[in-house]
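> Okay, here's the structure, questions in a sec.
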Amino acid sequence: MTVVDIKIGNKYRIGRKIGSGSFGQIYLGLNTVNGEQVAVKLEPLKARHHQLEYEFRVYNILKGNIGIPTIRWFGVTNSYNAMVMDLLGPSLEDLFCYCGRKFTLKTVLLLADQLISRIEYVHSKSFLHRDIKPDNFLMKKHSNVVTMIDFGLAKKYRDFKTHVHIPYRDNKNLTGTARYASINTHIGIEQSRRDDLESLGYVLLYFCRGSLPWQGLQADTKEQKYQRIRDTKIGTPLEVLCKGLPEEFITYMCYTRQLSFTEKPNYAYLRKLFRDLLIRKGYQYDYVFDWMILKYQKRAAAAAAASATAPPQVTSPMVSQTQPVNPITPNYSSIPLPAERNPKTPQSFSTNIVQCASPSPLPLSFRSPVPNKDYEYIPSSLQPQYSAQLRRVLDEEPAP
């Protein structure tokens, strides 16, 4: 029996492979009862290390947050452990490539705000992610919400009840992705909250720069390659790494690198660092990312090309032939949502890499630095005073 012949939980049919996680393969799935598309992660029972059940348990602990996918089903079917979850949109790595392997500063700042919040939430549940990279952040379909995935390498760093931190250890093997690993991870120190945030710093710099200095290094063995990456990472001054970027990026990297092993990061401070930069640069917190603009421009160009090649229309002699044509003025805050697909017609997960690219017409919530206060995002066209509201939020001090 092949994978595509397997029926999961008596109602999910498996389609083609759409990706891989730290452990297991991911397939497109279809709910045969209501036609809803899902993602199915499979792990062979004969695998040397069984991690999928562990990942399922982590998801169960993290469930309920806006940036965590919902698990629909978990169990054993045929010769596989199987986990059925939300089908999400493209990853930030996919969108980065779609945008020519570089994001504008505005997009990086908008992403940073959500990514810091996702990491903070996972840490608040006593877990480290330990594999922070663009591939593990996906956009929700038809939404502007960044979702965090792949908790196969996640680790509990403190006791759930007492919050006693795990002890400091060294001589640890590198866990995660070497390109974004913290310096302490490279030198074998047990990971803690600071390492997730340092890894995020490298992700943000990757988005701004287009690449990192230690990419593409060659070596005979994996260990030698990791050593070259480590040496380059340690030997690259932050002034060089952040050259041409606002000083906030150096501040962020210095802060995360100077945290002690058990120290709780000030997530609100880091968010405010980038939010203040967003305001100082005059950007709107409007959830309009680079891929939305690029998608709009491509659609406008295609429409203009189609119009130019269309046969001329016969017009009435009473109508002036010299009437001016209004130019296309992009209104990125009102890009229409993609047409709803027929849920009974399975389509490729990557049929349109920017299915999530249109800003939602519905209000979106974002977490303020003030505990127990949620503020709704309203598109700038509906609430011009939003920037003033954001400033008011940032002026409030977080509770101790």
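A Cβ is built for glycine as well, from the same backbone N, Cα and C atoms used for every other residue.
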> For the record in Swiss-Prot, which of the ranges 169-191, 330-352 is the region 'Disordered' one?
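Region 'Disordered', as annotated by Swiss-Prot, spans 330-352.
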> Please find which two of Ile18, Gly19, Ser20, Gly21, Ser22, Phe23, Gly24, Gln25, Ile26, Lys41 have the most distant C-alpha atoms, given that the record lists them as binding ATP, and give only that distance in angstrom, rounded to a whole number.
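Greatest Cα-Cα span of the listed binding residues: 14 Å.
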> Can you name the residues of this chain that are 6 or more positions from Ser20 (ATP binding site) yet have a C-beta less than 8 Å from its C-beta?
Ile26
> What are the sequence-distant neighbours of Gly24 (ATP binding site), meaning same chain, six or more residues apart, C-beta distance under 8 angstroms?
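In sequence order, the residues whose Cβ lies under 8 Å from that of Gly24 (ATP binding site) (at least 6 apart) are Lys41, Leu42, Glu43, Gln51, Leu52, Asn81, Gly152.
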> Between Ile18, Ile26, which of the binding-site residues has its C-beta surrounded by the fewest other C-beta atoms within 10 Å?
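Ranked by other Cβ atoms within 10 Å, the binding-site residues Ile18, Ile26 bottom out at Ile18.
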